Amino acid sequence: LNGHAVPSCLSLTFMFLLHILDMCMSESHHAECPESCFCSESVDGGLMVRCRDMNLIAVPRGLPNNTRHLYLDNNLLFTIPSDSFIGLPLLFKLDLSHNRLVHLEPGAFRDQADSLSSLDLSFNLLETLDPEAFGDLRAQTNLSHNPWLCDCRLQLAMPQLLLDPSSLAEVVCNTSEPEELGAHGMPFILVATDLDFCAALRRTTDFAMLVTMFGWFTMVISYLVYYVRHNQEDAIRHLEYLKSLPNRQGRSGESLTRSTWL
């Protein structure tokens, strides 16, 4: 019996030590958790970090690099700087809904192109999409309930986005420019196939170029007229001077002849 008891005790001791080690590792993960967040183990590995309803005005610093799910919804975020999620290569799901986002800086999700699968930007104050902010991101993105401005800028940006195509169907026009296109309340990908939001801008640009060219043309003509008039006066003075030269030579010859006879 004693012979069997020793291995059993060793086995129990080994299991107990593994449990203690696991608890220590778990506590070390929680120690890395920002003050305004709550961290727990994710079922698919890594950490689940919840920072919702904390009145945050900026993305917390020092997020664990093994963060898998990050919830920043229901805060007061105004913008997402380009370095907000650097060092989070495992980030799979990111919830930024119900904030006050009006701007996403270029490169905001640069480190998440290969890992991020779900991005929630719904219920914010976004008016346009900047391709440089999303980069090579192909995530399924919730873009609903934003005051989208359907204009030439958005029409040029759409083809450059690599997001899941179904994401773009949630971009519904809140306003349009020009307003007479009547895109209010319509999904942008539907109206953009029939309407040219850049036509008015091109007309404005063409008119501006025409005015500029006319201004330069007027300046050139004015300069030529001034140049001709100025040089014409000089030419007349030179011509009068040349006309006077033979008379002076004639008088000089006549005086010389008289002197000879005398």
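Yeah, the Cβs are placed from backbone N, Cα and C, and that goes for glycine too.
Per TrEMBL, the features are:
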SIGNAL    1-26  signal peptide
DOMAIN    32-69  domain 'LRRNT'
TRANSMEM  207-228  transmembrane segment
Where does the mean pLDDT land for the domain 'LRRNT' (32-69)? 93
Tally of helix, strand and coil residues over the domain 'LRRNT' (32-69) according to DSSP? 0 helix, 11 strand, 27 coil
